[in-house]
Amino acid sequence: MARGLPSTACLARFCQKLNRLKPLEESSMETSLRRCLSTLDLTLLGVGGMVGSGLYVLTGTVAKDMAGPAVLLSFLVAAVASLLAALCYAEFGARVPRTGSAYLFTYVSMGEIWAFLIGWNVLLEYLIGGAAVARAWSGYLDAIFNHSIRNFTESHLGVWQVPFLAHYPDFLAAGILLVASAFVSCGARVSSWLNHTFSAISLIVILFIIVLGFILARPHNWSAEEGGFAPFGFSGILAGTATCFYAFVGFDVIAASSEEAKNPRWAVPMAIAISLSLAAGAYILVSTVLTLMVPWHSLDPDSALADAFYRRGYSWAGFIVAVGSICAMNTVLLSNLFSLPRIVYAMAADGLFFQVFARVHPRTQVPVVGILVFGVLMALLALLLDLEALVQFLSIGTLLAYTFVATSIIVLRFQKASPPSSPCLASPGPTAKKYDSFSDHIQLVGAEQTSMSEPGQLRPALKPFLGFLDGCSPGTAVAWALGILVASAISLACVLVFGNSDLHLPQWGYVLLLVISGAVFLSSLLVLGAHQQQKKQDTFQIPLVPLTPALSILLNTCLMLKLSYLTWLRFIFWLLVGLVVYFGYGIWHSKENQREPLELTTAHYVVFPSGSLEETVQAVQPSSQSPVRESGCTE
C-alpha cells in the first residue's frame with residue numbers, strides 16, 4: 001500500500017465514526033434540568049407553538065388565493081398529515097425522555113452525522129423563525145398605530161437600500177426578543193407561567209371569534225353565486241394543504257421539553273395529541289366562520305379577521321382580534337426561545353457542539369448561556385435582516401426533520417431492544433446463560449439461550465412463502481427494504497409533484513413510471529411488514545408500523561419537492577457550513593468518540609455456574625485482542 005494513503009480498514013473505521021449511535025438508555029429520568037412541567041404545561045407549549053400569527057394571516061391568504069371556503073378542508077388534510085409526524089415524535093418523546101427532539105431521535109437510531117445535520121437545521125429553523133415572528137409582532141403593533149414607529153425610524157435613520165437587509169432597523173422586534181430571552185432564562189417555571197397567560201388570552205379570543213362569527217354567518221357566501229365552496233377545485237385544496245401544513249409545525253417543542261416534564265412517558269404523547277387537536281379545531285372553525293361572514297373573494301389577506309368584522313359593522317371587535325394576535329405571537333416567540341437553547345444544550349452535552357452551551361445554571365436549572373447567546377443572535381437577525389426571503393427556508397428544515405424521525409421509528413422498531421443498563425444476574429443453573437450488553441465487545445454469559453425470533457428476522461408464519469429472505473442475517477433485509485422504501489418514495493413523490501407536463505414524458509411513460517414507483521414502494525413496505533418487530537413497550541407506540549411512518553416519509557418528500565430551487569441552494573449552503581463545524585469540532589469532541597477507546601480494550605466476561613450462590617467471573621480475551629495499526633491510519 002502506498003505510503004500516506006488510508007487503508008480500507010481506516011476508511012471503514014472513519015465511516016463507523018460517522019454512523020456511531022448514542023446508546024438508548026431506557027432509564028433516563030436523571031437530568032441536570034428541573035422536571036417541573038405538567039401535561040397542561042406541555043399542552044399549552046404545543047398550542048402556543050402552533051396557534052400563532054398563522055391563524056390571523058395564513059387563513060385569509062389561503063382562502064382568497066388558493067382554496068376559497070374549502071380552506072377548512074385544506075386545514076383538515078394538513079392536520080391529518082401533521083398527525084403522522086406527531087405520532088412519530090410522541091413515541092420517541094415517551095421512550096427517550098431527554099431534550100433534543102429530532103436530533104436525539106436520529107442519534108439513537110441512524111447515526112451521529114445525520115443527527116448533527118438534523119440538529120444543525122433545527123437550530124436555524126428556530127433562529128430564523130423566532131426573528132420572523134418578532135418582526136411580524138412589531139409590524140402588527142406598528143400597523144395598529146398607523147405605522148408611526150416605522151415612519152419615526154425612517155425619518156431619523158433613513159431608508160436602507162442594501163440587499164438582504166431590512167429597509168430600516170426594527171428596534172422594537174429586537175427589544176421584545178431580548179426581553180423574552182431574559183424571562184426565559186429565569187427558568188422553565190417562569191416561561192411556563194408566561195405561556196399560560198398568553199395562551200389563555202389567545203384561546204379566549206379565538207373562542208370569541210368563533211362564537212361571534214357563527215352568529216354573523218351567512219350561508220349564502222358559500223353558494224354558487226359567490227363562486228361555490230371550492231372555487232379552485234381539488235388542486236386548490238391541495239395547494240392550500242401544502243401551505244396550511246406549516247401552521248402545525250410547532251408541536252415539536254413538546255418533544256424538545258420532555259427532559260423537563262414530570263412524567264414524560266405519559267405526558268409527552270398526551271400533550272402532543274391534545275395540542276394538535278386543539279390547534280386543528282381552532283384553524284378549521286376560524287376558517288369556517290371567516291368565509292361564512294364575508295365572501296371569500298373580498299377578504300383582506302393581511303388582516304382578514306379584523307377586516308371581516310369591520311365589514312359587518314363590528315369594528316370594535318378588531319381591537320379584540322389585535323389583542324389575540326399579539327398574545328398568539330408572544331406564545332410562538334416563547335416557544336422558539338424555549339426550544340432552541342435546549343436543542344443546542346443536547347448537542348453540546350453530547351460533545352457535538354461547543355461545551356459552553358451545555359452549562360446549566362445551578363439555581364434556575366436551565367441552559368442560560370444558550371438562551372442568552374441565541375436570544376441576542378435572534379435579536380440581531382430581527383434588527384437588521386429582511387427575513388421575507390428566508391421564511392420559506394424554514395419549511396425545508398422542518399420537513400427534513402420529520403422525515404428522519406419517521407425513518408428512525410422504522411429503524412428502532414426492527415432493532416433488537418437494548419437491555420437494562422444494570423442487568424441482574426440470574427440464579428445459577430446447570431447451563432450457561434447469556435446477557436447482552438450495550439457494547440459489541442462485552443458479553444455476559446448467564447441467560448439461557450433461546451431460539452425465539454428476534455426483531456429484524458422473518459416472521460415464522462411467512463417462512464414457507466418468503467424462504468429466500470430467511471437466509472439473511474437479522475436486520476439485513478430490513479435495512480435494504482428501508483433504503484429502497486426511501487428511494488421509491490422520492491421517485492414516487494417526483495412523479496406526483498411534477499406531473500406529466502414537467503417531466504416531458506409521453507402519457508404511457510408517465511403512467512409506467514407511476515406504476516413502477518408505486519409498486520416498488522408497496523413491495524418494500526410489505527417486506528418490512530414481513531419481519532419481526534420489537535415487543536410492545538410500556539410507553540406509547542405508533543399503530544400500523546411501518547405504514548404510518550412510510551406515509552409520513554412520502555408526504556414530507558412531496559412537500560419538500562414543492563419548494564423553490566433557491567430554497568434548496570440555501571439549504572445546501574447551510575449544510576456545508578454545518579459539515580465544517582462537525583468535522584472541525586464535533587467528530588473529535590463527541591462523547592461517543594471518548595467512549596470508543598474503552599470499548600476496544602474491553603474483555604468478554606463469561607459466568608461459570610459453581611453450584612452455589614456465588615459465581616466466578618473470568619475475563620476471556622477476544623480472539624483478536626490487539627488491533628493492528630496500519631500506516632496512514634490515525635485515530
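Note that Cβ sites are derived from N, Cα and C of the backbone, with glycine treated the same way.
Summarising the annotation, Swiss-Prot assigns transmembrane segment to 42-62 (among others).
Within the chain carrying the transmembrane segment (66-86), a Cβ under 8 angstroms from the stretch's Cβ atoms is held by residues 59, 221-222, 227-232, 236-241, 243-245, 247-249, 251, 272-273, 276, 279-280, 283-284, 287-288, 291-292, 296-297, 402, 405-406, 548-549, 551-552, 555-556, all 6 or more beyond its ends. What Swiss-Prot lists as transmembrane segment is 66-86 (among others).
DSSP assigns ASN146 (N-linked glycosylation site) to coil, not to a helix or a strand. Taking a C-beta cut-off of under 8 Å and a sequence gap of six or more, ASN146 (N-linked glycosylation site) has no contacts in its own chain. The N-linked glycosylation site annotation in Swiss-Prot covers ASN146 (among others), and the record cites sequence analysis as its basis.
For the recorded site, ASN151 (N-linked glycosylation site), the DSSP three-state label reads helix. A C-beta separation below 8 Å, combined with a sequence spacing of at least six in one chain, links ASN151 (N-linked glycosylation site) to none of the other residues. Residues or ranges marked as N-linked glycosylation site by Swiss-Prot on the basis of sequence analysis: ASN151 (among others).
Look at Swiss-Prot and you will find ASN195 (among others) tagged as N-linked glycosylation site, backed by sequence analysis. All protein chains shown were included, and the count of other CB atoms within 10 Å of the CB of ASN195 (N-linked glycosylation site) stands at 24.
Long-range contacts of the transmembrane segment (197-217) within the same chain: residues 44, 47-48, 51, 55, 278, 282, 285-286, 288-290, 292-293, 305, 308-309, 312, 314, 317, 320-321, 323-324, 327-328, 330-331, 334, each at least 6 residues beyond the stretch ends and with a Cβ under 8 Å from a Cβ of the stretch. The transmembrane segment feature in Swiss-Prot is assigned to 197-217 (among others); the stated evidence is sequence analysis.
Annotation for ASN221 (N-linked glycosylation site): same-chain Cβ neighbours under 8 Å, separated by at least 6 residues, are PRO69, THR291, LEU292, MET293, VAL294, PRO295, TRP296. Annotated N-linked glycosylation site per Swiss-Prot: ASN221 (among others), in sequence order.
The feature transmembrane segment is assigned by Swiss-Prot to 229-249 (among others). Tertiary proximity for the transmembrane segment (229-249) is limited to same-chain residues at least six positions away from its ends with a CB under 8 Å from its CB atoms, namely 49-50, 54-55, 58, 61-62, 66-71, 73-75, 77-79, 81-82, 86, 222, 276, 279-280, 283, 296-297, 394-395, 398, 559, 562.
Sequence annotations record features per position, and here Swiss-Prot assigns transmembrane segment to 270-290 (among others).
Positions annotated as transmembrane segment by Swiss-Prot, on the basis of sequence analysis: 318-338 (among others). Sequence-distant contacts of the transmembrane segment (318-338) (same chain, six or more residues past either end, CB-CB distance under 8 Å): 44-45, 47-49, 51-53, 55-56, 126, 129-130, 133-134, 136-137, 140-141, 144, 176-177, 180-181, 183-184, 188, 191, 194-195, 198-199, 201-202, 204-206, 208-209, 250, 253, 256-257, 303, 305-307, 309-310, 371, 374-375, 378.
Residues or ranges marked as transmembrane segment by Swiss-Prot on the basis of sequence analysis: 365-385 (among others). Residues 32-34, 127-128, 130-132, 134-135, 138, 164-166, 169-171, 173-175, 177-178, 180-182, 184-185, 187-188, 336-337, 340-342, 344-345, 348, 356-359 of the same chain, all 6+ positions outside the transmembrane segment (365-385), place their C-beta atoms under 8 angstroms from a C-beta of that stretch.
Taken from Swiss-Prot, the feature transmembrane segment covers 391-411 (among others).
For SER422 (among others), the entry in Swiss-Prot reads phosphoserine.
The phosphoserine annotation in Swiss-Prot covers SER427 (among others) and rests on a large-scale study or a structure entry.
Within its own chain, the transmembrane segment (478-498) has Cβ neighbours under 8 Å at 407, 410-411, 414, 456, 510, 513-514, 517-518, 520-521, 523-525, 527-528, 531, 546, 550, 553-554, 557-558, 561-562, counting only residues six or more beyond its boundaries. As annotated by Swiss-Prot, transmembrane segment applies to 478-498 (among others).
Long-range contacts of the transmembrane segment (508-528) within its own chain (CB-CB distance under 8 A, at least 6 residues past either end) are made by residues 410, 414, 469, 477-478, 481-482, 484-485, 488-489, 491-492, 495-496, 499-500, 546-547, 550, 554. The transmembrane segment annotation in Swiss-Prot covers 508-528 (among others).
Counting same-chain residues at least six beyond the ends of the transmembrane segment (539-559), those with a Cβ under 8 angstroms from any Cβ of the stretch are 81, 84-85, 87-88, 90-91, 94-95, 242, 245, 265-266, 268-269, 395, 399-400, 402-403, 406-407, 409-410, 413, 485-486, 489-490, 492-493, 496-497, 521, 525, 528-529, 533.
Long-range contacts of the transmembrane segment (567-587) within its own chain (CB-CB distance under 8 A, at least 6 residues past either end) are made by residues 17-18, 112-113, 116-117, 120-121, 124, 347, 351-354, 390, 392-393, 395-397, 593. The list of residues near the transmembrane segment (391-411) in space but at least 6 beyond its ends in sequence, with Cβ under 8 angstroms from a Cβ of it, reads 84-85, 88-89, 91-92, 101-102, 105-106, 108-110, 114, 118, 121-122, 124-125, 128-129, 132, 246, 249, 252, 482, 485-486, 528, 542, 545-546, 549-550, 552-553, 556-557, 559-560, 563-564, 567-568, 570-571.
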